[in-house]
Amino acid sequence: MLPSTIQTLTLFLTSGGVLLSLYVSASLSYLLYSDILLKFSSTKRTAPTMSLDCANVSNVQAVNRSATKEMTFLLPEPEWTYPRLSCQGSTFQKALLISPHRFGETRGNSAPLIIREPFVACGPKECRHFALTHYAAQPGGYYNGTRKDRNKLRHLISVKLGKIPTVENSIFHMAAWSGSACHDGREWTYVGVDGPDSNALIKIKYGEAYTDTYHSYANNILRTQESACNCIGGDCYLMITDGSASGISKCRFLKIREGRIIKEIFPTGRVEHTEECTCGFASNKTIECACRDNSYTAKRPFVKLNVETDTAEIRLMCTETYLDTPRPDDGSITGPCESNGDKGLGGIKGGFVHQRMASKIGRWYSRTMSKTERMGMELYVKYDGDPWTDSDALAPSGVMVSMKEPGWYSFGFEIKDKKCDVPCIGIEMVHDGGKETWHSAATAIYCLMGSGQLLWDTVTGVDMAL
């Protein structure tokens, strides 16, 4: 017996007496998805011209061999992405290790690329693991110079998250010694910076097309955030900065839509030095960023950007848990929240990600276990409160990388589940071979899942002497 939900569609195609009947079965289903309405576009398709050999075929009187018919189909358009509530969980666990140089004896196209500054960005269907390569592999004969931050060979590359960034796996997006990327729900936006220190250039690529540029405004190493930009409703927000590594470096935000810059945002507040921000959505209205001050303080500059008004303000985090490296003892900086304290010269990019819940918000941070060296990485959390005014200590939540292992840059990102977003933090674990040999990185990833305590730290398993 046929179900009552079966509909019969009879399509008559008449071409010299040809009659075809098509029966299409359709079941009805309904999907409630985050209050976002699925949009449809009307797209015309033309049936291809076919040459039909109808010899010895009964019930056919005549055939027009060049007949074409126009049909209109309704095809769904991909939706812009919006931040959603985080998936349930109360702790982070080790999710993934990408340690390319465990395969360092492999040669040819399967050889691992020499990389640094890795980060992850996610679209609705996949996450991609990005990095900046020196256009060299290990093993190989081009190790010299792979410890340098900027040169003419560096490129922004990516692989699907979980793949090893080898020569054959990697997509080379553009020449760049600083980079970012994000997905607006329909397409990838890629950002790369290169050029001379005194006149660097930001380049933007949307899908496969190179779409826009932005020139240096302080003529002192224009650079971007080395982590994912953030998109909402088709608008993507990118942090950039330009200025001295040991002095003034004022940041800006670029509002980008379909690969083209549509607005510049100039933050107010404590703007002396802000770089390498790790940003995410606190809500549908606000992007928050934990950044690096390489000149004046071990506190993190904290940005709040209102996406409704396109305004941004920066203040220092007030917590007595100082997140930069090097840093003084926790709680040792006296005075108001805007006090710089000592040991402010130098710094490191820090991990930061939001846990959005119906009744509260969690802010997760990472910092090195060492106060002076890029060694180890620990996870911290603070629920609710205001990072600008809350002086309480952050709660330690587990060791992701022990003091025996390298912990360099860290970053945040969110994986798109069917109905919620999974917050994650990634850690760059650098194999520092000095100037004489290769200099590259592994990536450790921890994500919110389940309850209990963070159970295990990560090791790279790489011996550079082998």
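Any Cβ shown, glycine's included, is placed from N, Cα and C.
Swiss-Prot lists Arg116, Arg150, Glu275, Glu276, Arg374 as binding substrate, and of Arg257, Arg292, Arg356 the one it places in that same site is Arg292. Of the listed cysteines Cys236, Cys251, Swiss-Prot assigns the disulfide bond with Cys231 to Cys236. Bond annotation: of Cys318, Cys337, Cys420, only Cys420 is listed by Swiss-Prot as forming a disulfide with Cys87. Annotation for Cys127 (disulfide bond): same-chain Cβ neighbours under 8 Å, separated by at least 6 residues, are Val120, Ala121, Lys160, Leu161, Phe413, Ile415.
Of all the recorded positions listed here (Asn284, Tyr409, Cys420), Tyr409 has the Cα closest to the Cα of Asp324 (Ca(2+) binding site). The Cα atom of Cys447 (disulfide bond) lies nearest to that of Cys87, taking the recorded positions Cys87, Asn144, Cys236, Cys277, Cys420 as the candidates.
Within 10 Å of the Cβ of Cys229 (disulfide bond) there are 24 other Cβ atoms, across all protein chains.
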